[in-house]
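Engineer: The following block contains the structure, expressed as structure tokens.
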Amino acid sequence: MADYRPASSNTPTQQTQSQQAPSQSQTGDMSVGNPATSDGEAPVDNTPMTGSNGATTEGENLAVRPSRDGPVTATISPELQKNVTEVLASEHGVPTLLNRLKQSIGSAKEFALFLQKRSILEEDHSRGLKKLCRTTQENMHRPEHREGTFVQAYDEMMVIHERMAENAAQFAQSLHQMHDDLVELAAYAERNRKGWKNNALAAEQKVADLEAAMRKSKIKYDSLAEEYERARTGEPRQGGRVLGAFKPKSAAQHEEDLLKKVQMADQTYHGHVLALQGDKSALESSTRPEAVKALQDLAQETDAGLLLQMQKFAAFNEKLLLSNGLVISPVKNANGETSSRSLRQAVLSINNEKDLNEYIGSHHGMIRPDNGEVKYERHPVLSPHTSQFNQGPPAQPQAPAGQFPPQQGQPLQGHQQQQSFSMGSRTSTGNFGPQMGQPSSGLEPQSQPPQQMGQMQGNYPPPGGPQSAQYSQPHNRSFSQGNMMGGGPQGPQGGRGQYGQQQQPQPSPQAYTNPRHSIQPGQFSSPQGGPPQLGALSFQSSPAPQPQQSQPPVNAGGAPHAQGPLRSSPPPHLASLQGRMPSPQASNAPPAKPVFGVTLNHLYERDGLAVPMVVYQCMQAVDLFGLGVEGIYRQSGSMAHIQKLKAMFDHDSQNKALDFRNPENFYHDVNSVTGLLKLFFRDLPDPLLTAEHHDSFINAAKQEDDIVRRDSLHAIINSLPDPNYATLRAISLHLYRVIENSHVNRMNSHNLAVIFGPTLMGSDPSTAIADAGWQIKVIDTILQNTYQIFDED
């Protein structure tokens, strides 16, 4: 990276006048010390250009320019030097230098303006490049883009661009410092020019006035002397005498009067000559040379400062390009190695074939085991043995696996009730098909012959009955919202269960020997094609045995069957979720740590989190899985999912099942997550932007000027309580990321403001209609100025 720090060894000599000129190399500018030493040449030495006060004196060199062969002095011919000396010594010297100094000041100002605009361009370029690198790097790490060597090379490429952006930022900062130095130098020269202009021109004007008065008195003196000479010699007057007007004087009297006038004119003329001689001598000996020297020094100081800044500008451009070149392609050391890879090396390191094979190989774990040859299995609804439903169970010495004969000593209420009970017990404990997306071979004993499977399936109710749809499509079973939220099974006389059969009480004590095997109605319910429902999974354990649970089959010795279609413990892929989900009865209890409907201040004091966990998890889910969803925050999610997630957050917001980095934890439905987030803000007792500041926000939104409106809202936001401010900052930065992807999700700042206006500000029924538009304006302004109101980090 370029080193733009100033070097103190070769800075120009500073002015030592009473009004000292500003320094040309200040801390923070882009001085590189010797601007012309990039290739090892002799440095540009500016000291011969300055005299005792930092300027070239008369007779010294008038221009010094850097060269690749060292400093070269521009010589002046003797004739030109003579002309310069004569002009500076004349009355035209001061006006000429004033005009020349004015040109130097104008040139310095114009170059300073150029540096300012170039600095702004470089700064904007640096900020834009950094933002572009950050955005594209974040997008490239999303699941929908490539991985492997490609993303590694892409990261290195973005690092190189960030370093180039940093070089541009330092270059812009140095240009800005150079602009400030030139502006200060021009202002200093302009102030001194005005002072010397007033003093020097006043002295010149005074001498000119004395010279004009002296010439006028000399003309009068000469005229009177000539008239006196004619009177003394007796020559007649040219005009003649006016006859009869006055009494004529005698010649002696007339001569005496003229003599007196000549003497008075002589004294006046002599006085004017003496005054002119004194002032002109002072002007030529001290006043004019001092003014000429001062103006010449100012012009040369201004020119030297301008030249220095131009030399620095040229050197910094070279160093910027050189630094960017070294970033793109680093120089190798003596061992032929580089500290970091070049841009070309990073791009050439991409191995497309390796990335493709690694990606394909990463999906090897998804391959299901080979189940052998595919066989046709006739559905029981088309089986001719459906008439077995109206007959009693076949008498066999020992029931095959999956069939449960009636126990000895159990009271039966008729053959039909016995068969109904047997069917219900089978259905609630047996599983004759794939469950939860697993192959049927994982739940069936391998020793069971196909004939027994067909015989057991033949005991299902005939098609067309009340439960034919449920039995024929076991994967489409669902349950009511109350049961899925933890409602227990109904009693024997309280209504029908999921299977439509009234459960019979089992007085046998063996019915409660192993409650783990008993499965309540509703535990099989699961949304079709989605993740398991809370409180509706067959592998969830019950807190206590219920009399309505169907008993496990027992053999002749009274011990439970060890073999059967349903294993005694949940499968490994389901057992991992058993401890993460709350039991169905947990939602009936009052929330231990309620999150919804609680003030942000109370949540902060209780949990110690500036941003509530539910807000953090929801934003995390949308950032990972929802930024590319069209209509995000506008689409409505499943109310059942939202209510279940709300209940889980109210019971334990730290539950591992609420880690939304796993989409299974929110049912692969990101719209339910956005609905949960909006529900949290709507349920706040005091809105996020607080009712206290509601009117202030509305009044600020009515400002027509965008800057005034933004600053007014910024001031009000800074006065919010700490939990409200932290949460508003988090949700604003999150929504800004949504806006950055508006070309995909079609959600710009106005669309989001329409949704979050009343959500974040609350609504008063008396003023809801009047304030709706201004609430949208408030949120829209905040989202458009997110990085001006809040810090990004």
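Placement of Cβ uses the backbone N, Cα and C atoms for every residue, glycine included.
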Engineer: Between 88-122, 158-192, 193-227, 753-787, I'd like to know which one TrEMBL lists as coiled coil.
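Structural biologist: Range annotated as coiled coil by TrEMBL: 193-227.
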Engineer: So what's near the coiled coil (193-227) in sequence-distant terms, Cβ-Cβ under 8 Å and 6+ beyond its ends?
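Structural biologist: Tertiary neighbours of the coiled coil (193-227) are 91, 94-95, 98, 101-102, 105, 258, 261-262, 265-266, 268-269, 272-273, 275-276, 279-280, 282-283, 287-288, 291-292, 294-295, 298.
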Engineer: Can you tell me the mean pLDDT for the domain 'Rho-GAP' (598-790)?
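Structural biologist: That region's mean pLDDT is 94.
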